[in-house]
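Trainee: So TrEMBL lists the following for this protein:
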{"type": "TRANSMEM", "residues": "14-37", "note": "transmembrane segment"}
{"type": "DOMAIN", "residues": "20-225", "note": "domain 'Cytochrome b561'"}
{"type": "TRANSMEM", "residues": "57-77", "note": "transmembrane segment"}
{"type": "TRANSMEM", "residues": "89-110", "note": "transmembrane segment"}
{"type": "TRANSMEM", "residues": "130-151", "note": "transmembrane segment"}
{"type": "TRANSMEM", "residues": "163-183", "note": "transmembrane segment"}
{"type": "TRANSMEM", "residues": "203-224", "note": "transmembrane segment"}
{"type": "COMPBIAS", "residues": "248-257", "note": "compositional bias 'Low complexity'"}
{"type": "REGION", "residues": "248-290", "note": "region 'Disordered'"}
{"type": "COMPBIAS", "residues": "263-290", "note": "compositional bias 'Basic and acidic residues'"}
Amino acid sequence: AAHGARKMEDYGRFLALLAATLLVGFVSVILSLVWVFHYREGLSWDGSPGEFNWHPVLIITGFVFIQGIAIIVYRLPWTWKCSKLLMKFIHAGLNTIAMILAIVSMVAVFDFHNAKNIPNMYSLHSWIGLTAVIFYSLQLFLGFAVFLLPFAPVHLRAALMPIHVYSGLTIFATVIATALMGITEKLIFALKNPAYSASPPEATLVNCLGLLLVIFGSLILWMASRPHWKRPPAESAKILRPIAATAEGTEAESTMTNSSNADKSDLRGNAEAARKQNIKFDEAGQRSTM
């Protein structure tokens with residue numbers, strides 16, 4: 001019963017964090033819209049500054065908010081009863097939407113620059129941004145090829161999974177860093193009278209937007225990196241558990257958080273150990289660290 005109560009408490013903590021994350025992401029999108037409609041020229045597609053404005057709005061909506069949700073989608077406990085394949089499609093689908101929005105947002109900038117004879121690709125923001133988009137499309141393509149299509153052998157999936165996870169989180173963090181650079185650059189260019197240094201209301205609003213993006217990113221990375229919020233391995237693995245090497249089990253338990261409450265760390269340690277042992281047997285595509 002105590003274990004059940006602990007599980008519920010953990011579930012409650014996850015839900016509170018998820019709600020906070022969604023709220024921060026949602027408010028970020030709203031602030032980007034307030035920025036372009038209230039302080040800038042709104043949205044258009046005619047080579048005017050309104051066309052440029054699609055860039056921050058679509059990056060924050062797609063490349064930050066939707067990508068963030070795609071990262072933690074396997075961790076939603078109520079999806080654990082859904083088939084893993086369905087969850088893979090949702091993960092891939094959300095990332096695909098984010099990718100499309102990011103590309104459209106980049107087209108908007110190039111189009112605007114060309115219409116106004118502004119040089120392209122000279123700033124650090126543009127270098128890192130384009131790099132992120134290229135790596136993201138590569139990640140998406142490889143994810144489809146290896147984890148979604150049924151052709152990749154299990155050992156290849158198992159070998160590539162940690163790389164896939166690391167790359168996804170790194171690209172996500174890089175996108176947020178690049179967004180902060182872009183926001184700063186835009187404010188310095190756009191705020192002339194009064195200048196950025198005079199802290200007009202627009203500067204304060206957009207600085208706050210930047211803070212929210214950092215908070216959103218931190219929350220997503222926290223949720224994505226807690227081992228006990230992982231989607232449990234597929235049932236099929238449980239049959240194979242007895243043959244697993246026990247060395248890994250003891251290693252897993254020793255690295256468990258040394259909780260003051262011994263039985264808590266013990267329970268979690270055993271779950272962790274079992275999970276680690278499953279890694280070898282559970283068809284790698286069937287389990288995910290995300």
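Every residue number used here counts from 1 along the chain in the order it is shown.
Here the Cβ of each residue, glycine as well, is placed from N, Cα and C on the backbone.
Heads up, TrEMBL stuff is auto-annotated, nobody curated it.
Describe the structural surroundings of these features, if you would.
Mentor: The list of residues near the transmembrane segment (89-110) in space but at least 6 beyond its ends in sequence, with Cβ under 8 angstroms from a Cβ of it, reads 45, 51-59, 61-63, 66-67, 69-70, 73-74, 120, 129-130, 133, 136-137, 140, 143-144, 148, 290.
Sequence-remote contacts of a segment are chain residues at least 6 beyond its ends whose Cβ falls under 8 Å from one of its Cβ atoms, and for the transmembrane segment (203-224) they are 14, 17-18, 20-21, 24-25, 27-28, 31-32, 34-35, 39, 60, 64-65, 68, 71-72, 75, 169, 172-173, 176, 179-180, 183-184, 186-187, 191, 196, 290.
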Trainee: Can you tell me which parts of the same chain pack against the transmembrane segment (163-183), counting only residues 6+ beyond its ends and a CB-CB cutoff under 8 A?
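Mentor: Non-local partners: 55-56, 59-60, 63-64, 67-68, 71, 123-125, 128-129, 131-132, 135-136, 139, 142-143, 146-147, 206, 209-210, 213-214, 216-217, 220-221, 224-225, 288-290.
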Trainee: So which residues does the transmembrane segment (14-37) touch in its own chain, when a touch means Cβ under 8 Å and the partner is 6 or more beyond its ends?
Mentor: 43, 50, 53, 56-57, 60-61, 64-65, 68-69, 72, 75-77, 202, 205-206, 208-209, 212-213, 215-216, 219-220, 222-223, 229
Trainee: Is the transmembrane segment (130-151) packed against any residues at least 6 beyond its ends, judged by a Cβ distance under 8 Å, and which are they?
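Mentor: Sequence-distant neighbours of the transmembrane segment (130-151): 63, 88-89, 92, 95-96, 98-99, 102-103, 106, 121, 157, 160-161, 164, 167-168, 171, 174-175, 178, 285.
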